[in-house]
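Trainee: There's a structure below that I have some questions on.
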Amino acid sequence: MSQRTLVLLKPDAVRRGLIGEIVGRIERKAEWTIQALELRTLSQDTLEQHYGEHQGKPFYEPLMEFMASGPVVALVVDGERVIEGVRALAGPTDPIAAAPGSIRGDFGTIVRENLIHASDSEESAARELKIFFPGLF
Ligand code: RTP
Ligand code: MG
């Protein structure tokens with residue numbers, strides 16, 4: 001089942017020089033193709049649209065501040081079961097719970113600074129791709 005997903009390398013990944021490491025893990029999957037890749041600083045408006053579902057939660061404000069603290073790398077990745085697949089490469093949200101071998105397990109520190117975002121369903125992917133790459137798809 002071919003799918004398309006939105007991936008963000010969060011500001012901690014960019015600051016720590018992990019772009020190549022993380023993109024490499026995605027790129028090496030033979031069944032997947034990177035369709036777009038861009039370094040950019042996210043506006044408050046984009047972040048509100050992207051993380052709107054978390055508004056009102058205790059971690060929302062610090063999350064927004066963190067996500068605006070430096071550039072991110074936004075990617076569009078296509079391929080076989082790529083939505084589930086990138087989530088599996090990332091590991092669980094909390095790096096403490098993430099197994100070695102996963103991106104968050106290998107490099108994660110605290111739950112907020114967990115290096116990578118990946119769409120969690122086909123509905124989320126469609127919504128997020130429109131926010132980050134309007135007009136592209
Ligand atoms: P994401 O949306 O970034 O791909 O991560 P996720 O699905 O694994 O986690 P989600 O529950 O959607 O949370 C979004 C992001 O908010 C930060 N977070 N902080 N308790 C906390 O301090 C807390 N909980 C979540 C993380 O950056 C998480 O990825
Ligand atoms: Mg999420």
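Including glycine, each Cβ sits where the backbone N, Cα and C put it.
TrEMBL feature annotations, pasted as is:
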type     : residues                                   : note
ACT_SITE : HIS117                                     : active site, pros-phosphohistidine intermediate
BINDING  : LYS10, PHE59, ARG87, THR93, ARG104, ASN114 : ATP binding site
DOMAIN   : 2-136                                      : domain 'Nucleoside diphosphate kinase-like'
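Quick one: where do these features end up spatially?
Mentor: DSSP gives HIS117 (active site, pros-phosphohistidine intermediate) a strand state.
Around PHE59 (ATP binding site), taking its Cβ as the centre, 12 other Cβ atoms fall within 10 Å, counting all chains.
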Trainee: Among the binding-site residues LYS10, ARG87, ARG104, name every one whose Cβ is found under 6 angstroms from ligand 1, counting any of its atoms.
Mentor: none
Trainee: Using C-alpha atoms only, work out the spacing between LYS10 (ATP binding site) and HIS117 (active site, pros-phosphohistidine intermediate) and round it to an integer in Å.
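Mentor: Cα to Cα, LYS10 (ATP binding site) and HIS117 (active site, pros-phosphohistidine intermediate) are separated by 7 Å.
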Trainee: Determine the mean pLDDT over the domain 'Nucleoside diphosphate kinase-like' (2-136), rounding to the nearest whole number.
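Mentor: Computed over the domain 'Nucleoside diphosphate kinase-like' (2-136), the mean pLDDT is 98 on the 0 to 100 scale.
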Trainee: Check each residue in the chain of ARG87 (ATP binding site) that is at least six apart in sequence and keep those whose C-beta is under 8 Å from its C-beta; list them in sequence order.
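Mentor: When sequence neighbours closer than 6 are ignored, ARG87 (ATP binding site) has ALA118, ASP120 within Cβ distance under 8 Å.
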Trainee: Take the Cβ of HIS117 (active site, pros-phosphohistidine intermediate) and count every other Cβ within 10 Å, whichever protein chain it belongs to.
Mentor: 21
